[in-house]
Amino acid sequence: MPTAPVSFLPALQQCLMSYSNHSSPLSFILTGIPGLEDVQFWIAFPFCTMYFMAVLGNTTVLLAIWMDPSLHLPMFYFLSMLAAIDLVLTTSTMPKLLSIFWFHSHEINFEGCVAQMFFIHSFSIAESGVLLTMAFDRYLAICKPLHYSAILTGPTTAKLGLVAVGRGTAIIIPLSFMVASLSYCGPHVIDHSYCEHMSVVKLACGDTRPNCIYGITVATIVVGSDSVLIVVSYRLILREVLGLSSREARLKSFCTCGSHIAVILLFYTPGLFSFYTDRWGQSIPAHLRILVADLYLLVPPMLNPLIYGMRTKQIRELVLSLLRQKGIPSRS
């Protein structure tokens, strides 16, 4: 759940303190968005609005699924996992980012920086894994409907969620300790709004090739394997849907899968742009690269509840009924 990182953070920081190199700095300085320092105060307002919408939307999805027993199904369990991960991603970055933009609170201690990097990258990998399990869920529901309930039992669903989160944690823990063991003897200024892996590694004065190779290898394998499996799943789904005799059934299947594909594109496109331009996109203006990286952790968590939750009839009806109970007028 979203509260897990809060209890895990002190233990991670203490472990990093004992492992960190003697040349590690006490703190870093986050610049925010390079080149846009004069307008960061105003940029913070739409960022804050999007953060509020992300927290409200994902919390609503979690509460709706928890309160309605009819939503205690694998598809909605995966949706609740996605909502919880999005809450972690936004909350691990946005409060600090807003404090930089509004209050010029640029300093972040070394352990906190590495911990923030851990949560950003591990839960990004976890989200990729959850999107893959959701594609698998849709494949079973459309292509193997008679075997759906037998395959995706409650324990199986829980194991798939644990594997998605566990994979991200297992991959990023070594990377976090590799960053903590580096020597930082130059300026401790990170040209970013948060502690992204390569932005931190660029400040090290030792050999950073293992970090670079590990980071690129992990990103390529994770994104490559997950995206290929997702494409295969939807190719099989498309073939099955086109074979349906009922036009209404085809339309319903396309609508269900369309929302998932929109979420996948919304997650992978800015993520890949941010990852590869940070390494090889020096010709792209720094403020554009950082702005896209900030929006990558903000826009998908804000839109996912709308794309999934509000397009899901059960969740939409439950939210509207809660609004009516509170006396808030609404339109279906």
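Along the chain as shown, residues are numbered 1 onward.
Quick reminder: no glycine exception, Cβ is built from N, Cα and C everywhere.
Predicted automatically and left uncurated, TrEMBL annotations should be read as such.
Small disclaimer: the values here were computed from a predicted structure and weren't measured.
Feature list (source: TrEMBL):
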- 57-308: domain 'G-protein coupled receptors family 1 profile' (DOMAIN)
- 41-64: transmembrane segment (TRANSMEM)
- 76-98: transmembrane segment (TRANSMEM)
- 118-140: transmembrane segment (TRANSMEM)
- 160-184: transmembrane segment (TRANSMEM)
- 213-237: transmembrane segment (TRANSMEM)
- 249-268: transmembrane segment (TRANSMEM)
- 288-308: transmembrane segment (TRANSMEM)
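The transmembrane segment (118-140) is in contact with the transmembrane segment (249-268), judged by 3+ CB-CB distances under 8 Å for residue pairs 6 or more apart in sequence. Same-chain neighbours of the transmembrane segment (213-237): 125, 128-129, 131-132, 135-136, 138-139, 142-143, 171, 174-175, 178, 197-198, 201, 253, 257, 261, 264, 268, 271-272, 275, 279, counting only residues six or more beyond its ends whose CB sits under 8 Å from a CB of the stretch. When Cβ-Cβ distances under 8 Å to the transmembrane segment (41-64) are tallied for each of 76-98, 160-184, 288-308, the top count falls to 76-98. Long-range contacts of the transmembrane segment (76-98) within the same chain, counting only residues at least 6 positions beyond its ends with a Cβ under 8 Å from a Cβ of the stretch, are 1-2, 4-5, 30, 32, 44, 47-48, 51, 54-55, 58-59, 61-62, 65-66, 105, 108, 116, 119-120, 123-124, 126-127, 130-131, 133-134, 137, 157-158, 160-161, 164-165, 193-194, 263, 294, 297-298, 300-301, 304-305, 308-309, 312, 314-315.
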